[in-house]
């Protein structure tokens, strides 16, 4: 039994430590020495170790990192995290202003520094941080809560018991980025190209204690549904975030004219190098929320905001060679190889030249001196050829007569398309690129199969098409250098797991030209199976919203190919799902809301969601008092304790399946009922 005195001491220590965290990491105004701070933390850790029942998720001790993470759950955003339109010049920012003025008058702007980091969404319930989600594709992101808890400028508990979602940027300060890269080089590892890449990589580490060592920082700038907190402007929102103890960039400014915005941009174009973090521009937002709503959004970005980016830096280098890469469809892309040069914080050695017409139009030759820049601050490209420095030894580049990968014949597409392609249907480079697409997250999401391993598997003759992946075994992969038993086991497990993916993911992986995630979902919704889709004609397909005649033609040609029929048959025999998710088959779970924590034996998170919905139930990622059931697998998270606190009924997987059987649901024979000993209660 813990005495009341100990409980009070623990609570007092937590409040003191969080107060000093706020003074140091947010305000940069410490009032105690590091030694005094360390004593407070040490005492709290001692008490929590002695009385583990006093440890809570919002304790400052949880920032140092705890148990290893098994992986990252994909979570839907409460509202999309849209990107911003951007511009690089004053005329376009004035045009932006004129578009605004056509809709609203008396406009004010808030100008904020555009931090070069990773966008994050933070969800708080009753003042406690419950979830941190990366931007991902804007609709869904990765749950990186355990890692974000190590960022000391992000409060684990708000000073008010609010339920709120805020968004901002997590970044790696320049000082720590440079130290981190030096350390990587000393260890023989490749340095990160920029702080943004380093931050993204850090947030996806499986060990939170390693994340804590990398000293990430944050700035928050956005509140979801701000009117719920009686906020009328973006400037009000920034002040409210400060009140909630979030770190807000001190250089944000309220401006009354577009000329003031331009002056602000010019000021920071010069001053940005003096900052302790990287910025790549200025974000300009209409201040008034009512005006924002009146202006509205496009599908991709708000009309009331724009990123006013800094002009790209340019450096001079020499073209040492022009090499060729072969893509998934056989397209041959020329690539310029440079003398290594530093550009905006990274070493640039190469840049795509897109196609051979581009080389001809810009007269780019081996031996030329060129200026290069980063398009959008990211992608290296040649901006100017210094033809006046030529000495006559420069070499013009002509399209290859044979494929650089397989030696097969090369041809140019008819019509306006300017690419040269390898015509060998068995070119290994095509297969390698296709498999890279097939295993990608947007497609079959087979983790562990990176480009290097794929290349080795293809070169060893173990796979001749994407379907052959499902016939690999432990003896096949044991032939591949660099693959140990654990990695082989993980790869085979990932391949097996992917068999149950919905067919929209398989459709993306098949690589049909024009069929991405959005169209794949439309097709999976309309057609019950891959077989039914394969029988559709061009007229029928082209009448589907979002699918024009060109894509319809691509789909029909793909499914009419004998090779496609062979691949689909091999996939079917391997047990890969070729049928669409069932629509609601009954209403036995009608009105019931389910949430899941931990790893289930028979279902992935997406599969259990679809299964529950097919029975009329509702699936949610967020456990609340209104949730009816929490379904618990192995290694459950904090939702289990929350369910007990809220009085939500908890089921293990066996109990869930038995409940369905009693309600008359016919279970698949392949589903194993987990043994009672595997449950935690």
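For all residues, glycine too, the Cβ spot is worked out from N, Cα and C.
Using a 10 Å radius centred on the Cβ of residue 84 (NAD(+) binding site) and all shown protein chains, the other Cβ atoms total 18. Residues or ranges marked as NAD(+) binding site by Swiss-Prot on the basis of sequence analysis: 34, 35, 36, 37, 38, 83, 84, 112, 135, 169, 285, 309.
For residue 114 (active site, N6-AMP-lysine intermediate), the Cβ neighbour count at a 10 Å cut-off comes to 24, with all displayed protein chains included. Here Swiss-Prot flags 114 as active site, N6-AMP-lysine intermediate, drawing on sequence analysis.
Residue 422 (Zn(2+) binding site) carries a strand DSSP state (E or B). Long-range C-beta contacts of residue 422 (Zn(2+) binding site), restricted to its own chain and to partners at least six residues apart, with a cutoff below 8 Å, comprise 326, 330, 332, 403, 405, 406, 408, 409, 410, 429, 430. Among the features that Swiss-Prot reports, Zn(2+) binding site is placed at 403, 406, 422, 427.
Counting residues per DSSP class in helix, strand and coil order gives 28 helix, 17 strand, 45 coil for the domain 'BRCT' (584-673). Residues or ranges marked as domain 'BRCT' in Swiss-Prot: 584-673.
Counting only the Cα atoms, the space from residue 84 (NAD(+) binding site) to residue 427 (Zn(2+) binding site) is about 40 angstrom. Distance noted between the C-alpha atoms of residue 38 (NAD(+) binding site) and residue 114 (active site, N6-AMP-lysine intermediate) is 34 Å. Distances between the Cα of residue 427 (Zn(2+) binding site) and those of the recorded positions 36, 114, 135, 285 are shortest for 135. Model confidence over the domain 'BRCT' (584-673) stands at 83, taken as the mean pLDDT rounded to a whole number. Rounded to a whole number, the C-alpha distance linking residue 135 (NAD(+) binding site) with residue 114 (active site, N6-AMP-lysine intermediate) is 16 angstrom.
For the Zn(2+) site, the Cβ centre of 403, 406, 422, 427 serves as reference, and the other residues of the chain with Cβ at most 8 Å from it are 326, 330, 402, 404, 405, 407, 408, 410, 423, 424, 428, 429, 430. Most Cβ neighbours within 10 Å, among the binding-site residues 403, 427: 403 holds that distinction in the structure as shown.
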